[in-house]
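If you look up Swiss-Prot, you'll see 3-113 marked as domain 'Toprim', on the strength of sequence analysis. Swiss-Prot lists GLU9, ASP82 with the feature Mg(2+) binding site. Annotation comment: Swiss-Prot describes HIS33, ARG139, ARG140, ASP143, TYR148, TRP155, ARG300, ARG488 as site 'Interaction with DNA', evidence class sequence analysis. What Swiss-Prot lists as domain 'Topo IA-type catalytic' is 129-557, and the listing cites sequence analysis. Positions annotated as region 'Interaction with DNA' by Swiss-Prot: 163-168. Look at Swiss-Prot and you will find TYR298 tagged as active site, O-(5'-phospho-DNA)-tyrosine intermediate, backed by sequence analysis. Per Swiss-Prot, the feature region 'Disordered' maps to 328-357. Residues or ranges marked as zinc finger in Swiss-Prot: 577-603, 617-645, 658-681.
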Amino acid sequence: MADNLVIVESPAKAKTIEKYLGKKYKVIASMGHVRDLPRSQMGVDTEDNYEPKYITIRGKGPVVKELKKHAKKAKNVFLASDPDREGEAIAWHLSKILELEDSKENRVVFNEITKDAVKESFKNPREIEMNLVDAQQARRILDRLVGYNISPVLWKKVKKGLSAGRVQSVALRLVIDRENEIRNFKPEEYWTIEGEFRYKKSKFNAKFLHYKNKPFKLKTKKDVEKITAALDGDQFEITNVTKKEKTRNPANPFTTSTLQQEAARKLNFKARKTMMVAQQLYEGIDLKKQGTIGLITYMRTDSTRISDTAKAEAKQYITDKYGESYTSKRKASGKQGDQDAHEAIRPSSTMRTPDDMKSFLTKDQYRLYKLIWERFVASQMAPAILDTVSLDITQGDIKFRANGQTIKFKGFMTLYVETKDDSDSEKENKLPKLEQGDKVTATQIEPAQHYTQPPPRYTEARLVKTLEELKIGRPSTYAPTIDTIQKRNYVKLESKRFVPTELGEIVHEQVKEYFPEIIDVEFTVNMETLLDKIAEGDITWRKVIDGFFSSFKQDVERAEEEMEKIEIKDEPAGEDCEVCGSPMVIKMGRYGKFMACSNFPDCRNTKAIVKSIGVKCPKCNDGDVVERKSKKNRVFYGCSKYPECDFISWDKPIGRDCPKCNQYLVENKKGKTTQVICSNCDYKEAAQK
């Protein structure tokens, strides 16, 4: 029997760590939190100094029993949950359940799950940091007080199943505020004039800049005509040449927030998926002969700090691969995390390259690991050097300007370019070699009419970035927050951008009127600052809770008395129930919209909303092929005559037969490419656009 018991959150983490520690250590998983506030009631005694009433989470009884059994037999119990506030709270709850001594140095933390890091952490165990535990407790209790007080009011006055929360309500507000900006936006006309110029055999473009040596706004066609009328022939002169060398520094290695943003832009990952895959990479990957190793550092961090060891290893790799000129000469300026002294998200070893790891990883794991690895290595590389040139092209009172740039030294851009840098302004644009006094010929002067555009709706990446910039919540809460506002049907995604629903706007208006603090950005930011102060030991958690709740409970009482009941009418489905003849209506469920009988609860008939794709079923030739959704919300295609006909296809039938085998053809999508393939043989053809 092992003398030492080590408790971690997950079986994957337990499996990895046990291999490093040897036979004297038994490592088991708590499967996440074991204690929490009860779901069936508030669980916070507001009359007794906000004392929380923790209970064992339903279903965790057998886990707790197993933990107690092993703890009783062990000489030492070590709590090795994650190195953040959440992990500290899990360790504290475990110590309470297992009745461990408060002063016992039994807490071990490591930022990466590698043999050296884990073994080193066990040489330096410490006591549980109660300030971190209290900060997490305060957040949990705050969220419970808000959710369990506002939600019942919304159920009673608006609709059952609704919720509000400190972070989700602000996120919803951002989406709605942006939608209102778009609705209220009034487009304004403006014009541009672009000229195509020739010098010897080279052609290049330039934009109109000045009239009579001053900026001249082209608001109307009349303004444009004034400029074109002033032109005299096609000859222009180069009146100024400005050459500069520009340095582009690489982006910092990833924090939780920037990882979520970049994975959304480059990999099309939702925030939740990014965190799930990152967790797998952190907890350990089986590298066969090398054993199980955590490939990245802890993925919940807001720090860009890098350890000296990691920097040295990256420098060695860059020198060997690209040469010493590609290594960074900059002094570190990494941002220390607001919450804890973590490192940035980086590979646990630069020498484990994505290509070397590919055979051990799933497709998603490989893509995310490659992103993290390249971003980190690039952050340790030399800046790129760009040569820029600006040409002023003049005729009389009219001046055009051409801007060009070439890459003199690629530096970090050899390996990685941040998505937001993939813009036209950062790409090469070569101009002919011209000097002041040279003559060029205008081959085309092209005016173009434009209208100002409203601000774009939020993508998931932009919403995450805005929440972080405003300091709303923690990066680790963004994924569940975005999930919640979608599951509650407060927002929907259209072309990968968030649009508020009618229900979302109704809920927002009620929260805005009766609980203004909850959606106030400044209030939410101040609350995060107070939570940080609790973690630093500068203020007690009970004082923070009391400062909030004393005024909040008055808002709840006012809402219960004054909020008017709102009737949300169901959308007619346009057909009658085949069971009782009542009109069918559109309802929103967990997996999207469906049809239900308006005579509910007397009639409980429901049916899926199906969309015909205009193709006859290739199996029965009687029904139509319709689009359906699986329980996991994945689109598939079936026959409208189901269950009489059981035709099903994940790919979209196109209504034509294969010229080789006469089976039906389907549209097959892989990434950004679409092609037509046979459902039976190897026939392929390009998809028609």
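For all residues, glycine too, the Cβ spot is worked out from N, Cα and C.
Sequence-distant neighbours of ARG140 (site 'Interaction with DNA') (same chain, 6+ residues apart, CB-CB distance under 8 A): ASP36, LEU37, PRO52, ALA89. Within the same chain, residues 591-592, 608, 610-611, 651-653, 663-664 sit at least 6 positions outside the zinc finger (617-645) and bring their C-beta atoms closer than 8 Å to a C-beta of that stretch.
Calculated from their C-alpha atoms, the gap between TYR148 (site 'Interaction with DNA') and TYR298 (active site, O-(5'-phospho-DNA)-tyrosine intermediate) amounts to 32 Å.
Comparing the Cα of HIS33 (site 'Interaction with DNA') with the Cα of every entry in GLU9, ASP82, TYR298, these being the recorded positions, the smallest distance points to GLU9. Its own atom aside, the Cβ of ARG139 (site 'Interaction with DNA') has 24 Cβ atoms within 10 angstroms in the protein chains shown. ARG139 (site 'Interaction with DNA') carries a helical DSSP state (H, G or I). Averaged over the domain 'Toprim' (3-113), the predicted model reaches a pLDDT of 94. Residue counts for the zinc finger (658-681) by DSSP state, with H, G and I taken as helix and E and B as strand, are 0 helix, 13 strand, 11 coil. Helix first, then strand, then coil: DSSP counts for the region 'Interaction with DNA' (163-168) stand at 3 helix, 0 strand, 3 coil. Following the DSSP three-state reduction, the secondary structure of TYR298 (active site, O-(5'-phospho-DNA)-tyrosine intermediate) is coil.
Under a cutoff of 8 A between CB atoms, and with a sequence separation of 6+ in the same chain, the neighbours of ARG488 (site 'Interaction with DNA') are GLY161, LEU162, SER163, LEU503, GLY504, VAL507.
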